[in-house]
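Report on one structure; see the data block that follows.
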Amino acid sequence: MRMSAGLSLLLPLWGRTFLLLLSVAMAQSHWPSEAGRDWENQLEASMHSVLSDLHEAVPTVVGIPDGIAVVGRSFRVTIPMDLIASNGELVKVSAVGKEVLPSWLHWDPQSHTLEGLPLDTDKGVHYISVSATRLGANGSHVPQTSSVFSIEVYPEDHSEPQSVRAASPDPAEVVSSACAADEPVTVLTVILDADLTKMTPKQRIDLLHRMRSFSEVELHNMKLVPVVNNRLFDMSAFMAGPGNAKKVVENGALLSWKLGCSLNQNNVPDIHGVEAPAREGAMSAQLGYPVVGWHIANKKPPIPKRIRRQIHATPTPVTAIGPPTTAIQEPPSRIVPTPTSPAIAPPTETMAPPVRDPVPGKPTVTIRTRGAIIQTPTLGPIQPTRVSEAGTTVPGQIRPTMTIPGYVEPTAVATPPTTTTKKPRVSTPKPATPSTDSSTTTTRRPTKKPRTPRPVPRVTTKAPITRLETASPPTRIRTTTSGVPRGGEPNQRPELKNHIDRVDAWVGTYFEVKIPSDTFYDHEDTTTDKLKLTLKLREQQLVGEKSWVQFNSNSQLMYGLPDSSHVGKHEYFMHATDKGGLSAVDAFEIHVHKRPQGDRAPARFKAKFMGDPVPVVNDIHKKISLVKKLAFAFGDRNCSTITLQNITRGSILVEWTNNTLPLEPCPKEQIMALSQRIAEDNGKPRAAFSNALEPDFQASSIAVTGSGSCRHLQFIPVAPPRRVPSEVPSTDVPDRDPEKSSEDDVYLHTVIPAVVVAAILLIAGIIAMICYRKKRKGKLTLEDQATFIKKGVPIIFADELDDSKPPPSSSMPLILQEEKAPLPPPEYPNQSVPETTPLNQDTVGEYTPLREEDPNAPPYQPPPPFTAPMEGKGSRPKNMTPYRSPPPYVPP
């Protein structure tokens, strides 16, 4: 009875106690979620106070995870409509603080997906805002819900295999397709005649989808990047083939995917599905762009790099002593970043020594810095990086950490499963005295002074990501090395890993080549971008400032603009020097080809600028600046579309061609569009053209003349404004052209051919005259030869003598005094017998009066009949009887 009474008294007491405990348990079970929601609302409110496009009264929706994109890889994320617009509200997706999305993203409202393909210029973090609005009573859009998430675009890492970089939806597939650490990756690349910078994000994604349907390769395995420095083909390729494109018009795009690991010509998979369609045009018809060619090459295995780690600070207690263990930890809730968090305290002169603290999670390989100062070993929390702490540590404040490079060694610590590892870009200067320069103070650490480690308190917020750029930052923070050389090893010479080999350039076309980071490798300074590069000639001479090839050692960019005198092969040497003074050399050739279009360009652009042409012609930097400005005026980001033809006097007369125009048939519409873009119909430059070239070049007039397939057309200036496309352009060019292009055509097509024909006729006439005169100086005929006996001595016949002259007087002797006396005359009888007279009767009668009266005198010998003296002809011939007439016949 007493016991039953006691039970009756205890039952109400136990009931009340049980109800109290149950209510407390229920309160405890609901408390964390309420606190989480309250903390989340506080963070969202802090974000809404900063973002201009979101109102403070708009409730936030959590559920869109942050995304990661890689340059050249397709990105796709689906927006959950049940969380944003469950009641059919209007959804708006844009960049935070802007009205539109980033240039590489495309929003598809039908499938509620956000997709795109980033390029190298899109690297960084992009914050995307997704908001739902409803049409209000007054016609305005009233915000209902909103959400903000981030997309970080990582750069393309050439040293990492493609299978690892591929953003595959199945991680197991990525691991299974990955190659070994020392095994090269075989990649097939298709070269397209396309310009990714001119495509919209949807066009890039559609191109990948068409290639997927053609080649049956998944999107996450394909990579699409633009051509850099006109390097269309890979010199290390072991297989290659042509496409259907005869020439390259655009900048070019490379679409590639992985074939396997360490393949060669013997074990490469069947590529007939690429080889024949690329050559015959089937692939081009499917993709919508011309195919230039394809090649297969093996990519070298990656070089191990440091992995930057990010510690998720959590209040979870862990054991400070003993090896790291794996602790079960829920991933922290996503925190929307705000400019108000974290708070950075002002710097002071205190320094925090390295501390150690095991972080729970999956073990991974990280890097620990060994300094020159020996610290006292202590047991405490493990901190994997050296933290430069300023001021007193206050819970809730996050200090930016700075990684100090030095001698590193791997240590096994644990990181959370949700940790995102990132590769920092840090410089590695020479070992020096450890110092940390802040904006106001300089702190030096005493040598070998034991210091009690100060534990860094944990906070519940996410530490920001700190990037250390190699270029000089705007702040005065310097990163120095406090370590010593590794084991006192001597400095090793840099090694040449990949040759530059050959660089192709064209006359009048600007080119630039970025030296790849895997060209040289140094054991101390690592990749090529950490070395000092110098471009030299054969005789160890540096390239001069006036050379047509220039090299920027800071950006490691080689560029130039050759002219017609540089056609051929030129040998140069690239010297890579490490910080210890040791260097390696790579010899390569620059092949300069003739103009890509030659004289077949369909149009020639001429512009007249004010100034002296001599400084422009003699300064390679001014010529390159002119080409870049001309390309910018046409809206081309690729300067190789402009081919500089000539720079002459007459102020500054510049003539160039546009390589984007097809040669045949005549691209009349395209030329007219380009002409109207830069000049008016009367040849006056437009404001956009002038603004693009000023202040260095001030244009006064522009002329566009057809050539090649359009040689009969004149575009700028034109007589009437041509508004109807079907009008045929007039071939009668007015004389208002400042550069007198019409007169040049007249000289080229009329005057010069006429002069050439006249010269040919004149030369032919001179040759005919010479031949005629030589023919007249030939041998005499037989009749003419019988007329003369001796050359130059005339023959006088008897009937040609002049008998009218009187005979000579007998008083003048016929024999001169200096001559010898003749022989005595013969004895003649005294009788005169007519028949013995040696002369004829006429002669005796003629000379009879000349005889002496003395009968005993000898008979007179008459002189020869030629009595007239021969003036200037020398002596007479002695025997002339054969040419005299015979004496008359006298009968006996």
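Each residue, glycine too, has its Cβ placed from N, Cα and C.
Summarising the annotation, Swiss-Prot assigns signal peptide to 1-27 and lists sequence analysis as the type of evidence.
Residues or ranges marked as region 'Required for laminin recognition' in Swiss-Prot (evidence: similarity to another entry): 30-405.
Positions annotated as region 'O-glycosylated at one site' by Swiss-Prot, on the basis of similarity to another entry: 46-68.
According to DSSP, C179 (disulfide bond) sits in a coil region rather than a helix or strand. Swiss-Prot lists C179-C261 (among others) with the feature disulfide bond, giving similarity to another entry as the kind of evidence.
On its own chain, C710 (disulfide bond) has P602, A603, C666, P667, K668, I671 as residues at least 6 apart in sequence with a Cβ closer than 8 Å to its own Cβ. Taken from Swiss-Prot, the feature disulfide bond applies to C666-C710 (among others), supported by similarity to another entry.
Residues or ranges marked as motif 'Nuclear localization signal' in Swiss-Prot: 773-779.
Mean pLDDT, taken over the region 'Required for interaction with CAV3' (816-892), works out to 59 on the 0 to 100 scale. The region 'Required for interaction with CAV3' annotation in Swiss-Prot covers 816-892.
Positions annotated as compositional bias 'Polar residues' by Swiss-Prot: 829-843.
Swiss-Prot lists 877-892 with the feature region 'Required for binding DMD and UTRN'.
Annotated motif 'PPXY motif' per Swiss-Prot: 886-889, in sequence order.
C179 (disulfide bond) counts 19 other C-beta atoms within 10 Å of its own C-beta, drawing on all protein chains shown. Listed in sequence order, the residues of the same chain lying 6 or more apart from C261 (disulfide bond) and placing their CB within less than 8 Å of its CB are C179, A180, E183, P184, V185, T186. C261 (disulfide bond) falls within a strand when secondary structure is assigned with DSSP. Secondary structure of the motif 'PPXY motif' (886-889) per DSSP (helix as H, G, I; strand as E, B; remaining residues coil): 0 helix, 0 strand, 4 coil. For C666 (disulfide bond), the number of other Cβ atoms no farther than 10 Å from its own Cβ, over all displayed protein chains, is 19.
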